Amino acid sequence: MPLLLHPAWPLLLGATLTFRALRRVLCRLPLPAHVQTDPLRTWRWHNLLVSFTHSIVSGIWALLCIWQTPEMLVEIETAWSVCGYLLVCFSAGYFIHDTVDIVVSRQTRASWEYLVHHVMAMGAFFSGIFWKRFVGGGVLTLLVEVSNIFLTLRMMMKINNAQDILLYKVNKYVNLVMYFLFRLAPQAYLTKFFLQYAGQRTLGTFLLSILLMLDVMILIYFSRLLRSDFCPERAPSRQQKDKFLTE
């Protein structure tokens with residue numbers, strides 16, 4: 001079947017438009033006082049609200065997929081389910097939406113790391129969407145969204161200058177645990193799989209290269225997280241205060 005006629009395109013378009021519509025709805029919600037006076041923080045707040053919603057839905061969805069099809073934990077290349085396939089399409093639609101949102105809002109320079117991540121994620125997901133291979137790997141990758149629930153909540157509190165409240169202090173420890181369980185652990189497991197098996201195949205080699213680049217990004221983000229929450233500077237500079245854009 002020609003790629004342009006693939007039935008997955010309506011699913012991707014529908015998911016992308018869903019997130020676009022969601023953003024319009026969320027933009028009507030009241031803004032926190034520390035956010036509404038700054039256009040950059042306002043855009044970032046709305047962007048994070050969409051991300052937060054995606055993380056909740058996709059994180060729970062990924063856990064449900066693995067519960068329904070546990071062989072995805074082992075048969076990473078061949079395991080397939082309707083639930084998992086729709087999840088990968090849904091999340092790919094989010095990454096398309098967020099990429100367009102960043103570019104249209106002229107936040108490319110401030111959010112270039114997100115763009116790099118989104119391009120790599122979409123490249124990996126498309127192998128499952130258009131060739132129906134490694135759908136299980138895509139679902140395992142999306143376990144990271146469970147961690148992103150707490151990571152996004154952390155960033156939203158930082159934007160709102162709420163680092164001193166109890167919720168932030170509790171969340172930073174929960175966030176650390178979730179980072180290990182749902183980000184570092186699945187990523188290490190997938191990397192081991194692709195190094196041993198899939199790296200010998202053409203598509204597997206492509207996905208392995210993406211995975212290794214994501215490994216580097218995840219470790220960099222982890223070091224930033226530790227430094228920001230557990231080894232903060234006493235008198236942060238203006239540049240440090242604005243790091244909510246990438247941290």
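Backbone N, Cα and C atoms are what each Cβ position is placed from, and that goes for glycine too.
Per Swiss-Prot, signal peptide is recorded for 1-27. Counting residues 6+ beyond its ends, the signal peptide (1-27) has Cβ neighbours under 8 Å at 46, 49-50, 53-54, 86, 89-94, 96-98, 100-101, 129-130 in the same chain.
Taken from Swiss-Prot, the feature topological domain 'Extracellular' covers 28-46 (among others), and the record attributes it to similarity to another entry. Broken down with DSSP, the topological domain 'Extracellular' (28-46) shows 12 helix, 0 strand, 7 coil.
Annotation comment: Swiss-Prot describes 40-234 as domain 'TLC'.
Within its own chain, the transmembrane segment (47-67) is flanked in space by residues 19, 22-23, 26, 29, 73, 81, 83-84, 87, 90-91, 94, 97-98, 101-102, 139-140, 142-143, 145-149, 152-153, 155-156, 159, 182, which lie at least six positions past its ends and keep a Cβ under 8 Å from the stretch. According to Swiss-Prot, the transmembrane segment annotation covers 47-67 (among others).
Under DSSP, the residues of the topological domain 'Cytoplasmic' (68-83) split into helix, strand and coil as follows: 7 helix, 0 strand, 9 coil. Taken from Swiss-Prot, the feature topological domain 'Cytoplasmic' covers 68-83 (among others), and the record attributes it to similarity to another entry.
Note on the transmembrane segment (84-104): residues 8, 11-16, 18-20, 23, 47, 50-51, 54, 57-58, 61-62, 65, 69, 72, 111, 114-115, 118-119, 121-122, 125-126, 128-129, 132, 135-136, 138-139, 142, 145 of its chain, located 6 or more positions outside it, place their CB under 8 angstroms from a CB of the stretch. The transmembrane segment annotation in Swiss-Prot covers 84-104 (among others).
Within the chain, the topological domain 'Extracellular' (105-123) has long-range Cβ neighbours (under 8 A, six or more residues past its boundaries) at 40, 43, 91-92, 95-96, 98-99, 141, 206, 210, 213-214, 217, 245-246. The feature topological domain 'Extracellular' is assigned by Swiss-Prot to 105-123 (among others), with similarity to another entry given as support.
Residues of the same chain lying 6 or more positions beyond the ends of the intramembrane segment (124-144) and with a Cβ under 8 Å from any Cβ of it are 3, 6, 8, 11-12, 58-59, 61-63, 65-66, 69, 71-73, 75-81, 84-85, 87-89, 91-92, 95, 182-183, 186-187, 189-190, 193, 198, 203, 206-207, 210-211. The annotation intramembrane segment is assigned in Swiss-Prot to 124-144.
Per Swiss-Prot, the feature topological domain 'Extracellular' maps to 145-173 (among others). With DSSP classes pooled into helix, strand and coil, the tally for the topological domain 'Extracellular' (145-173) is 23 helix, 0 strand, 6 coil.
Distant neighbours of the transmembrane segment (174-194): 59, 76, 137, 140-141, 143-147, 149-151, 153-154, 204, 207-208, 211-212, 214-215, 218, 222, 225, 229; these residues of the same chain sit at least 6 beyond its ends, with a Cβ under 8 Å from one of its Cβ atoms. Taken from Swiss-Prot, the feature transmembrane segment applies to 174-194 (among others), supported by sequence analysis.
Swiss-Prot lists 195-201 (among others) with the feature topological domain 'Cytoplasmic', giving similarity to another entry as the kind of evidence.
Long-range neighbours of the transmembrane segment (202-222) within the same chain, counting only residues 6 or more positions beyond its ends whose Cβ lies under 8 Å from a Cβ of the stretch, are 77, 113, 116-117, 120-121, 123-124, 127, 131, 133-134, 137, 179, 183-184, 187, 190-191, 194-195, 247. What Swiss-Prot lists as transmembrane segment is 202-222 (among others), and the listing cites sequence analysis.
For 223-247 (among others), the entry in Swiss-Prot reads topological domain 'Extracellular'.
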